[in-house]
Amino acid sequence: MSAAPGPAARATVALRPGERRALALWAWTRVAVLVAAGAGAYLTAREDVLAGPLERWERWDVVHFEAVARGGYDQEGPTPYAAFFPALPLLLRALGALGLDLTAAGLLVSLVAGAVAVVALVRLVEEAGGAHPDGTGERAVLLLLASPCAVFLAAGYTEALFLALALPAWLAAHRGRWWAAGLLAGAAGLVRVTGLFLAAALVVQWLVQRGRRPPGRADLPDLAALGTAFVPPLLFMAHLRLVTGDWLAWVHAQQDGWYRRLTDPVEAWRTTWDAAFDDGPRPVAELLTFRAELVAVVVGVVLLAVLLRRRAWGEATYVGLQVAAFSTSTWFFSVPRATLLWWPLWVLLAAWTLRRPWALRAYLVLSVPLAVLWVTTFTTGRWAG
């Protein structure tokens, strides 16, 4: 007869009350997202043609992830498929082999991954959040799920899957479990390029946690563990080299498909501003999205400044590298979506709103209508970032 798990194991596996409430919030908001998507489909139906429940979610990058799942990277398509990291397409292919529709598979992956992510966020705040008020983890989940671009946590995109790996990786780092942190971050590096920024931030976090101890052989296992975080993205680049003959296929795909090239931040701001306030004929959804890009970059810069002031060097590295990458591209692109991945933002906002109840009301009044707008924009096929 096997022995019962000890207290430490039970604490790791069992859900705590705050985590159960976070899961309930995740479930209820999934219902709200589906209702908003259905309402949008009815409101925009033309000639009595109503988009089906799955068709509403087969939009934009979902189509590309499904194409990679079906045919890999050695195929021609409407956009360079090398821009899409392989973890999500591999999961779609596996679920598709079981007979599941690929769009439904993407929704299922995000549903399960999002549940893991909200639990990990609550646990991270409880164990490593510092001097935050009680309930900060649950509040962070609420703010995240009510944020304007939260639709991408529901769609078959990479945000939920990345958080389901990145948050446990950061939690493992705070526990000093560097092998777990490195392996989880390496898996996150197969989901999206943000995994490389996470890996770099883990190195900084390791330096912070080791303190001023003189370097020695005792550091080698930790360094080896952290090195594993960089291996999977490099293997993906090697695979693209075999398929396309180009070590920089991902970079060139970004350039060819989305016109993203290295640009100074001032020029990038000017280009995005012109796109956001263009007087010429342009879909309203595009104008809205480019304006959101400007706001998101400002939020990122402010967040980085706050993290640096707090000497949160690991988190500052994680956010700062992303802000730097976004702000030195031809134009700001997909930054509002990326805010979903900035868990320090949601933790700091949560602590702030707990100390100032009016701030929560103001946030929800502003954010929830925008979240509904983003759901209907995305699920009706309009550009949502």
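Don't overthink the numbers, they just go from 1 along the chain as shown.
Glycine residues also receive a Cβ, built from the backbone N, Cα and C atoms like all the rest.
Sequence annotations record features per position, and here TrEMBL assigns transmembrane segment to 23-45 (among others).
Residues or ranges marked as transmembrane segment by TrEMBL: 102-122 (among others).
Sequence-distant neighbours of the transmembrane segment (142-172) (same chain, 6+ residues past either end, Cβ-Cβ under 8 Å): 25-26, 29-30, 33, 57, 59, 61-62, 65-66, 85, 87-88, 91-92, 102-103, 105-107, 109-114, 116-118, 120-121, 123-124, 127-128, 178, 180-182, 184-185, 187-188, 191-192, 194-195, 198, 202, 205, 229, 292, 314, 336-337, 339-341, 343, 346, 349-350, 353, 363-364, 367-368, 370-371, 373-375, 378-379, 384-385. Residues or ranges marked as transmembrane segment by TrEMBL: 142-172 (among others).
If one looks beyond the transmembrane segment (178-208) by at least 6 residues along the same chain, the residues whose Cβ comes under 8 Å of a Cβ in the stretch are 85-88, 158, 161-162, 165-166, 168-170, 172, 221-222, 225-233, 236, 250, 313-315, 317-318, 321-322, 325, 338, 341. Feature annotation from TrEMBL assigns transmembrane segment to 178-208 (among others).
Residues or ranges marked as transmembrane segment in TrEMBL: 220-240 (among others).
Residues annotated as transmembrane segment in TrEMBL: 288-308 (among others).
Annotated transmembrane segment per TrEMBL: 339-355 (among others), in sequence order.
According to TrEMBL, the feature transmembrane segment maps to 362-384 (among others).
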The transmembrane segment (339-355) versus listed stretches 23-45, 102-122, 220-240, 288-308, 362-384: most Cβ pairs under 8 Å: 288-308
Chain residues outside the transmembrane segment (362-384) and at least six past its termini with a C-beta under 8 angstroms from it: 33, 36-37, 39-41, 43-44, 51, 56-57, 59-60, 143, 146-152, 154-155, 283, 285-286, 288-289, 349, 353
Outside the transmembrane segment (23-45), six or more residues from its ends: residues with CB under 8 Å to it: 15, 51, 53, 56-57, 111, 114-115, 118-119, 138, 141-142, 145-146, 150-151, 154, 372, 375-377, 379-380
